[in-house]
Amino acid sequence: MSGIVTYGSYIPRYRIRPEEIARVWGEDPEKMKNGIFILSKSVPGPDEDVATISVEAARNALKRSNIDPNDIGAIYIGSESHPYAVKPTATIVAAAIGMPFRTFAADYEFACKAGTAAMQNIKAMVDSNMIKYGMAIGSDTSQGAPGDALEYTASAGGTAMVIGRDNVIAEINKTISVATDTPDFWRREGEPYPKHGERFTGEPGYFKHVIGAARDIMSELNTKPDDYDYVVFHQPNGKFPTRAAKILGFREEQYREGLITPYIGNTYSGSTMTGLSAILDVSRPGDRILAVSFGSGAGSDAFDITVTDNILDYHRENAPGVRKMMESTEYIDYAVYSKFRKILVFGDNLE
């Protein structure tokens, strides 16, 4: 059976606390922090974007395995913040890691589930013998308008997953998707920041799709929450995934390991995949994982995954784990944050 052969993540080391953002905009710091259950969020450095984050995640994945990049036949990168409107991120990353000329490459978009959509397509290509291995990446330097609620959560990070049939460390037993036309969140071409339809964000958007996809895949597999050792959902904030888990009947010990948003914010396309990466960092043979992503617009991808015995010989230690990167931090104030995120616009002669 096909599944994850290796994986790697990258999280920028810079952080800003919600209290610092609230201070600038005259909001109640404790109210903002507790309202979204975010303690800090990651901030990309001035020289970091989706391409560099994806390269680092991909390299970390390759450090943990003996896979020759020439054997990777496809690379798909999901993101809301590709650095170019016309020029693929996938070709940049493919060149950086040494993939061959004969390569399937494309950038994906479906809000925050573009990365998991890439995983599904890579799995299908492996299963149909079109490729031996394929790499799916979910990565973002997400945007939030200054002073908007999204500014408190929109962060940066990404994860790469290589899928194949040889030396699989986590079998993908089944994957399904759900989708509807829901106007919960959007950004038009040329606009710097997204807008959100607040009344569509919760129940009609996130909860309908995440809970619906989770229930559908468990129904088809005849499983129940107690059959899983871990569960991870898309994490727009710290409260939505915990509420979804409780509605479905999961316990805190099942979702705690993959819940990373309180410490690094919402990495958008990287969110579910990085939460899954954190789980794989500590998983053991036989562990069963339910992963459900969410993308505004709207849709969810659900995965039923089983960790194999190959995890015992897998070199997780060759690249930093998610928790280690979460702990390697440098806090910045709003002035530096504004500079890094280019909120401050300089004249032509200034840098």
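A Cβ is built for glycine as well, from the same backbone N, Cα and C atoms used for every other residue.
Counting every protein chain shown, the number of other Cβ atoms lying within 10 Å of the Cβ of Asn266 ((3S)-3-hydroxy-3-methylglutaryl-CoA binding site) is 29. If you look up Swiss-Prot, you'll see Asp28, Cys112, Thr153, Thr201, His234, Arg243, Asn266, Ser296 marked as (3S)-3-hydroxy-3-methylglutaryl-CoA binding site.
The active site, proton donor/acceptor feature in Swiss-Prot is assigned to Glu80 (among others); the stated evidence is sequence analysis. When other Cβ atoms within 10 Å of the Cβ of Glu80 (active site, proton donor/acceptor) are tallied across all protein chains shown, the result is 23.
If you look up Swiss-Prot, you'll see Cys112 marked as active site, acyl-thioester intermediate. Other Cβ atoms within 10 Å of the Cβ of Cys112 ((3S)-3-hydroxy-3-methylglutaryl-CoA binding site), summed over all protein chains shown, number 32.
Sequence-distant contacts of Lys239 (CoA binding site), defined as residues of its own chain at least six apart whose C-beta falls under 8 angstroms from its C-beta, comprise Ile36, Phe37. Summarising the annotation, Swiss-Prot assigns CoA binding site to Arg199, Lys239.
Same-chain residues at least 6 positions away in sequence with a Cβ under 8 Å from that of His234 ((3S)-3-hydroxy-3-methylglutaryl-CoA binding site) are, in sequence order, Cys112, Lys113, Tyr206, Val210, Phe240, Pro241, Ser271, Thr272, Val292, Ser293, Phe294, Gly295, Ser300. Taken residue by residue with DSSP, His234 ((3S)-3-hydroxy-3-methylglutaryl-CoA binding site) is part of neither helix nor strand, so it is coil. Positions annotated as active site, proton donor/acceptor by Swiss-Prot, on the basis of sequence analysis: His234 (among others).
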Which Cβ among the binding-site residues (Thr153, Arg243) has the fewest C-beta neighbours inside 10 Å?
Arg243
Among all protein chains shown, how many Cβ atoms are found within 10 Å of the Cβ of Asp28 ((3S)-3-hydroxy-3-methylglutaryl-CoA binding site), not counting that one?
11
Name the residues of the same chain, 6+ apart in sequence, whose Cβ is under 8 Å from the Cβ of Ser296 ((3S)-3-hydroxy-3-methylglutaryl-CoA binding site)?
Ala111, Cys112, Thr182, Asp184, Phe185, Trp186, His196, Gly205
